[in-house]
Amino acid sequence: MRFAATVSEKQSEQSVEVTEEFAVTMTEKRSCVHFDKYVDLDKLLKIIKSYQQIKCGECNERVHVKRGSRWGASNRRDWYSSSDQNCARNAIWLCLECGYYVCGDVGLPTEAQSHVMGHNRLTRHRLVIQCKNPQLRWCFSCQSLLPFDNEENGEKKDLLLEVVKLIRERSPNTYSASFETEFSCSGSIYGGIEARDGYAVRGLVNLGNTCFFNSVMQNLLSLDQLREHFLKEDLSVSGPLVSSLKELFAESNSEASVFRNEINPRDLFFSVCSQAPQFRGYQQHDSHELLRCLLDGLSIEESSLRKKLGVSDSNDSSTYQKPTLIDSVFGGEISSTVSCLECGHFSKVYEPFMDLSLPVPSMKLPPKKQQILSQAKEVLKNGAVSKDSEVVSAKPASDHNSTVPLFPSDHKIQSRPETSDNETDLVLLSDVSDTAPSTEAKGVNQILVGSTETLMHDNDRTGKTVPDKEDVRATQSNEETSASGISAVIDEAQVCGCPDLEQSSSSANQGADEELALMVADSQVLYMPYKDHLFYDDYMVAEASSSFVSGDHEPKKDYFDFSSFLDEPEIREGPVFRPLSKSEVYEAGFKADCSDDKTVSAGKGEASSSFISSDHEQNIDYVDFSSFFDEPEISERPFFRPLSKSEVSEAGFKADCSDDKTVSAGKGEASSSFVSSDHEQNIDYVDFSSFFDEPEISERPFFRPLSKSEVSEAGFMAVSGNDKTVRAGKGETFSSFMSGDNERNIDYVEFTNRIFDDRGTSERPVFGPPSKAKVSEAGFVAVSSDSDPAVLDESDSPVSVDRCLAQFTKHEILSEDNAWHCENCSKNLKLQRLREKRRTKEGLSNRWVNENGASSAFDECRDSSLNQSCIDLENGYKAAPPITKLPNCKEEESAIDDGFVGEENTKQAPITSVTETPLLGGETISSQPASDNECENWEDLAVDSEEVIVKRDARKKVLINKAPPVLTIHLKRFSQDARGRVSKLSGHVDFQEFIDLSKYMDTRCSEEDEPVYRLAGLVEHLGAMSRGHYVSYIRGGHKERRDSDTKEPNSSIWYHASDSQVRPASLEEVLRSEAYILFYERI
């Protein structure tokens, strides 16, 4: 811990080894007045001679000091105790005023916790000299180096020459050997500054979110080839980028940055921004993009300068040009070979590269299992809620202050004592009372136990209470009945867009009948809340609905067969549905508040359907929807017709009617009447065959059947209010079930099979909204996220740079849309067509030869229009246009027989010159062309001019043909999806200090030197996309030492640079980092 604190203090100090020439330059500018005043050379020489060895006096007195000594141990323990263990790592300094040896920094003695600083604080002695490097002579008061010599009689003489000789005689090996070893391994903060040609690691000032720029520049400044070029070459005539980069290299050199902790790269950054304006401002950018823009700018600038100066390294007839500096340092070449799998023809292309961008193997995280679905599955499997269990009690809905919190504020599930022992978050209600007498006189026979309306927008969540049975009876005199539903507890961390969850209460909504769908499975009631104005994507336009009609005498329990919710795909037959009162009827989101003698007009060309609620007798109409997608036949069974699309709103239509009031319909439309009477019934039959012009699109709402895989992926949570409708997906049907005394059941199995046969979905439907919450504003909340984070794919082996290179250079099969245009196969197809053409031409000419052995050119010209048909008859195939893909271009004859090839409208060649042949009667006719070769060549050219493209499956392989001096490897950690969202692939990718590219090189490569590289630096990105930071690791030290220690794995000195902060780092720390860009130098 003490050593870590010492290292951290060094980050803000200026300690460095200075060469003799530069120290002279610095001391000429600064003269110290304290040397002549406080240094007594004779006294100092005597003290130095009295010491036999050079050791730190404080470290030695740690063992032998007495309490009554000159400064007292108690006064020194606050500063020397933390540095005793590191004395062997530090240099020894001699106080020029008292001759006392103390240990301190390797560079300048400015570390606060060092013994030399403690000696200065206690004694106020100002002047010290370093024993290992006597050129370092420091004055604490002036904060500068002392002059080496003084001019006397026109000659320069070193005033401390005798002192330096005595110091070198005092057993210098006693400390220098151990110091060299410890210093090389410890990685002091300025250990890289060892000689005039060594690289001095300095921090770079952050100009405002420019860490992406600083991290790249730290690595470029550490590259030996670039530094030698910019420091030694004469670049007086250059562009702004080259000039500013040269100045930055000069400032970072150890000879020019002794007294500077950091460098301001303002000029270079502004030069880059002038050519790449996207880096302006104070926003974060990609460091790899900055690197490419900088290197391209330097290369373009150098090429432009060559053209202006007229520099040419080649003749006019040669296209060779001397590569630029960037091309010679970073430029490499890859070979891309594509070979046809059919004929073996291959093509090789050489492409230059500045860096290798390697894709990192990754995989998507599996979606989190949602708590509500897993618990519901357990309930349905184990039957946790018994048949005789009571309904969960709640306060009346009329009490506005009472709430049943859907999401408790303490993030814990509220206990419900009415449920069974195997209690879950999903509350299942059972045993709804068969009879619920009503005080309302207009046929309302049963009140729904209740449903919770929870409308969830991004930050808005409300909940409605569940009314008790007797409290509901007490409130039935009102025109409206409050509705409530299930309370589903979902992990708040998985709910998207709802960071704050509040409890609220709601009461009955005046002027609207509120009712929710009720589903029952084996005496277990599951309330499924829904709402009507829910819109999904454009492809989800078909809708369906569920309507219920109730009678008075023996109301049935309505339920959906929900046994296959998450279990085996069993579908029960003969569902019974809960009867609803007249005021509670909803058809496709349609809401009719009607009393006796109310009439609602129907859509265009449609019939009507009437509902009758009686105290003595009831006849229930229902819809046979088994043939929904069959031929448009007229249904023989009466059902209730929803209005046309023009009469409904987006979620369904809502017709509010009063007594003796009729809503006019469209042209040619019938009406639907609702009559409430004690003795009479009137049933209308509806022709539903022409309701939809396109039967695959339906706009009637329903709970869309979802497969188990869809539910497990994102799940559903339908939280909506009364009179709300859920839209379904495209091509989906709806269900319209009714129940009453004279109940006629629909074949549920047939109905669901038709749905899934037409949609091609799973056989295990789960009724609910779609799995993705694409309309969270409508009330649906998805538990899973669309952008799941990606992780490194370590299923086969740990991810490493070698594995990425192997993935980059492995064979790739090009097929289907990516099939390769094989020139050899295209040429063979042309030749095949030419041969076939000549073969048919020869057969045709032999057929028309006359008896004298001379062919009749006249007959040939006369019958030229029939040649094509004759060819077709002889060869047995019709002429076809050029085929782009053949199964085998080698087997020519089989291709012809199979009809894969043909020729286009072959025309007879024009007769350019003819010979006069005397015939009977002295007449002459044109004979064969004088030049048959000319005619044939014309036809051959016509065939050759046809553009024939044959695409074949091919194999592609990419290898490195030329290895660059500096290999830059870019790991693709950032990706962008189709929606433009950028994500980061976090995780450690294994890499080594040395890398060999031999197995990734092209076998025809003629390079003699082995492509072995050593790590020179890297760029690492920390954090996430929104709040990230770039840092860099740089290999420092003397160039000659680095070159001589290439075979030693731990001989490097590494530094960690984060903008202006620079600290030493070990090689183990470097290899543990999550590298983004790697820089390797060839050895």
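Backbone N, Cα and C atoms are what each Cβ position is placed from, and that goes for glycine too.
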Notebook entry, point to check: Which candidate from His115, His119 does Swiss-Prot annotate alongside Cys95, Cys98, His125 at the Zn(2+) 3 binding site?
Noted result: His119
Margin query: Let me spell it out: for each of the binding-site residues (Cys56, Cys95), count the other Cβ atoms within 10 Å of that residue's Cβ, using every protein chain shown. Which one has the most?
Written below: Cys56
Next item on the list: Count, for each of the binding-site residues Cys59, Cys98, Cys103, the other C-beta atoms lying within 10 angstroms of its own C-beta, and report the residue with the smallest count.
Entry: Cys98
Note to self: In whole Å, how far does the CA atom of Cys103 (Zn(2+) 2 binding site) lie from that of His125 (Zn(2+) 3 binding site)?
What the structure shows: 15
Check: Are there any residues in the same chain, six or more apart in sequence, whose C-beta is under 8 angstroms from the C-beta of Cys139 (Zn(2+) 1 binding site), and if so which?
Finding: Cys32, His34, Phe35, Arg126, Leu127, Leu145, Leu146
Check: Expressed to the nearest Å, what is the distance separating His1029 (active site, proton acceptor) and Cys211 (active site, nucleophile) at their Cα atoms?
Finding: 7
Item checked: Inter-residue C-alpha distance, His115 (Zn(2+) 2 binding site) and Cys211 (active site, nucleophile) (nearest angstrom) -> 36
Check: Which of the listed recorded positions (His119, His1029) has the least company, meaning the fewest other Cβ atoms within 10 Å of its Cβ?
Finding: His1029
Item checked: Most crowded position, judged by CB atoms within 10 A, among Cys32, Cys142, Cys211 as recorded positions -> Cys211
Note to self: Taking only same-chain residues 6+ apart in sequence, whose CB is under 8 Å from that of His125 (Zn(2+) 3 binding site), what do you get?
What the structure shows: Tyr38, Cys95, Leu96, Glu97, Cys98, His119, Phe140
Next item on the list: Could you check the binding-site residues His34, His115 and say which one's CB has the fewest neighbouring CB atoms inside 10 Å?
Entry: His34
Item checked: Between Cys56 (Zn(2+) 2 binding site) and Cys211 (active site, nucleophile), the C-alpha gap once rounded to whole angstrom -> 41
